Amino acid sequence: DKGVITIADGETTGTLKIDAANGEDVYKDGSELVATITGVDGPGFEKLEVKDGSGSATAKVVDTETASTVSLSGSVQNEGSTAQYVFTATLSHASQGVTTITTDKGVITIADGETTGTLKIDAANGEDVYKDGSELVATITGVDGPGFEKLEIKDGSATAKVVDTETASTVSLTGSV
């Protein structure tokens, strides 16, 4: 039912080749195909028939594991009322389905077809006259990429920084005699 096999004169076997659509990639995509003999015809045979139980065959394409990676990076922002620690998870290949990166600071979700997702955490230090830059470290604790053959952590920790901006302080002196 998938094509015709011709067995040459004097031979006892023939082959049917069908191209598989899945090539080497990073996604889970092993496959199999069942071919069934639906009819036989051959000159010179008195009775040519399919032997019981041998009318179907299954060909399998075994998927090899090719690794994809996830890396975590942190941003650098100036202090202020909207200062945040921002962590970005980056995949080496686009997500198939939703990929979830769990860190010790929260969860990063990477949407289907995308390669990045972010986690934003509000920073406590606002714009002021005090020297108070800060940083926060996040570490990947788990990954779940259901469409990937093998998802490995490449850079598992990152530091996000909120940089102190200089705000001038004014001192006024008044005197009286």
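Using N, Cα and C of the backbone, Cβ positions are placed for all residues, glycine too.
Copied over from TrEMBL:
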DOMAIN    4-64  domain 'LapA adhesin'
DOMAIN    68-165  domain 'LapA adhesin'
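When pLDDT values are averaged over the domain 'LapA adhesin' (68-165), the model yields 89. Residue counts of the domain 'LapA adhesin' (68-165) by helix, strand and coil are 0 helix, 60 strand, 38 coil (DSSP-based).
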